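Record features, source TrEMBL:
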- 75-109: repeat 'PPR' (REPEAT)
- 176-210: repeat 'PPR' (REPEAT)
- 277-311: repeat 'PPR' (REPEAT)
- 313-347: repeat 'PPR' (REPEAT)
- 494-586: domain 'DYW' (DOMAIN)
């Protein structure tokens, strides 16, 4: 290049830049660019666009924009390349602003421009702009294009508009693995796990060839369902298909095994990863945290520090603080919070970290300290933080603070049924039935409906779901008969129903009947009549498990010699021989 000097023409520059792009060789590309400038060569639109592509791929957005701004002439490809550079690097507002400039320049967007810019339509304002772009897409007849359609349905799904996303998907004249994966991912990210699983099965029947992103999305859904057998099946299928084990897929497997109660499998995958990202470490830390293994959380975090290959982020500290909270390590948790506050890692404590510490203090019974921390933290307390403290007041029977917190919650979050229920629980435990009735009347007045308790158990890759006092299951008579049999048997072994979990002022016999209809008990009864002796029972609950059901599960384990695993909204409870891994601390 130096020898030829100004003799270099388009073909040579094109060949050199393509090689630099393919190898992401930014220094060599800069030399080519410098040679153009020194020899006063004015590159045509195509070569300037190749320079933009090179710089964006090498994360030199400033250089790319400099080239773009100096272009005397631009076409749709150069505009799209620059918009894509911003979108892929997370600069959504810059990408959207540039798209508006493009429209004002009278350059007509193509399908790749629309597909690219839609990925930046996130958040409330971004989504509104995305809807306007959707109108443009319809006017220009690009809606049925596979790339544009996939980006549209992804945008709607991420905004929580899953029905609109589904409508766009169904209207696509043809579907590829990208569009199928996008709709599965949309359902899974919104917690609509059964729908995501059913869609995957449908696409499999239609002959879809899945990629690693598809399986990662499916594993997210299986994590939500805690469907361990299905998860193992997917893992085996991935191994048989010899799919490349990208980090994102391995992270999804760690998350799935952790949420399905098998930490040993999760740790095995983690240990065998050739490269770990901060997400890998966080997934494993969160797994230990949810299982109440605080000491393992601290130990793994120490290993992360010693390896010093990946820097912890704010999520890492959230996982560690949460692990200390669930594991009863309040002093260690406070020590970790102080370490974070010192600023050595360059991470500022956010409101979520304060929330973890308040939860930690509340679980430890240090309700007054938690209340004091809320008063002096540099953030306005959220409903989640007040809710955490209210739960602690309920567990530790602190009616004074609990009543203040409960009333505050009803003011700022009047539509959340859980707040009414916990406050009712607090009043009921103190025998203040008039206050319980007042809270319930307020619920009716505001038309607030409590989310029904739901538990499910997986047997032979089939999920059996039970609601409180459920009469819909095909084997309901057997289940209720078994539950009544268990009540009698456990009472003989020392079980006493905890009637403080009943929010109604009724007689003891009626309270006992209400307690026996809790969904966890029905799922456990079904598990006992449907599995062989000694087979572990794994139950999932959509809400937090009550004290009475927790005690009931301990008797199932003790009397029948079964290992019982219950995953509720907050954490795992592994019970063996009548002893729970949570140490009755949850």
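Positions of Cβ are set from backbone N, Cα and C atoms, glycine also.
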Positions whose Cβ lies under 8 angstroms from the repeat 'PPR' (176-210), at least six residues beyond its ends: 146-147, 149-150, 153-154, 156-158, 160, 162, 165-166, 169, 217-218, 220-222, 224-225, 227, 230, 463
Chain residues outside the repeat 'PPR' (75-109) and at least six past its termini with a C-beta under 8 angstroms from it: 45-46, 48-49, 52-53, 55-56, 59, 61, 64-65, 68, 116-117, 119-123, 126, 129, 133, 136, 140
Mean of pLDDT values spanning the domain 'DYW' (494-586): 85
